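Per TrEMBL, the feature active site, proton donor maps to Cys336. Annotated pyridoxal 5'-phosphate binding site per TrEMBL: Gly225, Glu266, Pro267, Gly268, Arg269, Tyr365, in sequence order. If you look up TrEMBL, you'll see Arg269, Arg305, Tyr309, Glu337, Tyr365 marked as substrate binding site. Annotation comment: TrEMBL describes 32-272 as domain 'Orn/DAP/Arg decarboxylase 2 N-terminal'. What TrEMBL records for Lys56 is N6-(pyridoxal phosphate)lysine.
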Amino acid sequence: MSKKVIDSVDVDRLLAIAEKWGTPTYVYVEDMIRDRCRKLVNLFSGLPVSWLYAVKANDNPFLLEIISEEQLGFDTVSYEEVLLCRKLGVPAENIFYTENNMTDEEMHGAAREGVVLNFGSLGRLRSYCEQYPGSSCSVRIKPDISDGHHAKVDTGNEDSKFGIRMDLLPEAVALARQHDVSITGIHAHIGSGITEPENLLNEIDILLHAAKGVDSLKFINFGGGLPIPYRSGEEEFALDQFASLAKERLETFLEESGGGISFLFEPGRWIVGPAGVLLTRVNTVKDQGRKKFLGTDTGFNHLLRPALYDSWHEIVNISAAKTAKEEKYNVAGNICESGDILGTDRIMPETRTGDCLAILDAGAYGMTMASHYNRRALPAEILITTKGFHKVIRRRSSADETVDRFLKETGYPVDA
Ligand SMILES: Cc1ncc(COP(=O)(O)O)c(C=O)c1O
């Protein structure tokens, strides 16, 4: 399995894409996405384990189609994501909807669609039970396990806004029973980019234990969080080792409970993160005395992770000759904020205006978090297909189109 796009795609091909379709452009590799899906689907062979792809990581419909063809279902966290999957033809039973402060309209809409509803608060569970007696649902619990690549994506800790407190699970079960609602699933998600596999195993233990208090249970969903290495030299998550430790637990649970329960995981980043790069061009090379800056045609409006989480993405100059002498640079975006820095103190070959940079591991939480800040257009998206074609899966809007669409949405009257 290729580790990163740059290991599996020829640099000349990336340069050709940048030349033909311009920059900034996200490029994804279909083969890598398929390989990664297959790795997961085969991980627990013999056990009733299914995989739900976390749509929030990258919701391009062409990628969702590929992932669906690889037999994954979908983990959604908004009514809009539910609708997106439904409009793509995903059967309702393959869509799991973890609500987060949902409205009544969203609840009714999702119930109408028939997707699996997963409630993260007693209040919302109560209103569902009152309005949908005799139905079924899942509940998200908070296992008080802290993990994630950054405090902002640590969702399982004691002070997190997510999930129903563990000690309130019996209350949730009683509430459902009162309205003849079956709690068919329990779920937790402790964080994104888990740093300690042990934490995920502890979460599994906690959910398996909690399952014993829910007699109508059909599935247990352990959430997402499988990490990827962003820095060169960083170790890969030991997936096989994790799976074998998890497998022991799942097998014991099935033996003790008499079976009839299936298990789910919801990876997002692990599937698409390494399979995408963001191509950008250097517009400005600037010596500010203590720092040299490479000014690019993208920014945190297109890849928010460095600004939001101080995340590291490797940045490779794919135009420069490998033999060029090296320099230390800060790679900056074109957004009018000092915090718009994509990489600091990067040792790279001497870089010139017009060089093309590839920002690696940008397939997850890149385009889905992109915005029109500074009223800028969004990047294009290109898929390198299994057959080797370059398929435009999102075309770039021109500056004119971007501004016209904005004006239209505001309703501001502009003379034709
Ligand atoms: C409920 C839920 N499941 C799954 C995920 C996917 O996380 P990751 O991309 O780290 O696997 C997220 C992301 O935050 C999430 O909130």
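Placed from the backbone N, Cα and C atoms, the Cβ positions cover glycine too.
Overlay of TrEMBL feature records on the structure.
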residue : record                              : Cβ contacts under 8 Å, 6 or more apart
Lys56   : N6-(pyridoxal phosphate)lysine      : Thr76, Val77, Glu81, Gly268, Tyr365, Thr368
Glu266  : pyridoxal 5'-phosphate binding site : Trp51, Leu52, Tyr53, Ala54, Asp75, Phe96, His189, Asn221, Phe222, Gly223, Gly224
Pro267  : pyridoxal 5'-phosphate binding site : Leu40, Trp51, Tyr53, Ala54, Gly224, Gly225, Leu226
Arg269  : pyridoxal 5'-phosphate binding site : Ala54, Ala57, Ser192, Gly193, Gly224, Leu226, Pro227, Ile228, Ala364, Tyr365
Arg305  : substrate binding site              : Ser311, His313, Tyr365, Gly366, Met369
Tyr309  : substrate binding site              : His149, His150, Lys152, Val153
Cys336  : active site, proton donor           : Asn374
Glu337  : substrate binding site              : Phe300, Ala307
DSSP-derived structure type at Pro267 (pyridoxal 5'-phosphate binding site), helix or strand or else coil:
coil
Starting from the Cβ centroid of Gly225, Glu266, Pro267, Gly268, Arg269, Tyr365, the recorded pyridoxal 5'-phosphate site, name every other residue in that chain with its Cβ within 8 Å, sequence order please.
Ala54, Lys56, Ala57, Ser192, Gly193, Gly224, Leu226, Trp270, Ile271, Ala364
Using all protein chains shown, find which of the binding-site residues Gly225, Gly268 scores highest when you count other CB atoms within 10 A of its CB.
Gly225
Out of Glu266, Arg305, Tyr309, Cys336, Glu337, which recorded positions lie by ligand 1, with a C-beta less than 6 Å from some atom of it?
Glu266
Where the record says Gly225, Glu266, Pro267, Gly268, Arg269, Tyr365 bind pyridoxal 5'-phosphate, what is the longest distance in Å from one Cα to another among those residues?
15
Per-residue pLDDT averaged over the domain 'Orn/DAP/Arg decarboxylase 2 N-terminal' (32-272), given as an integer:
96
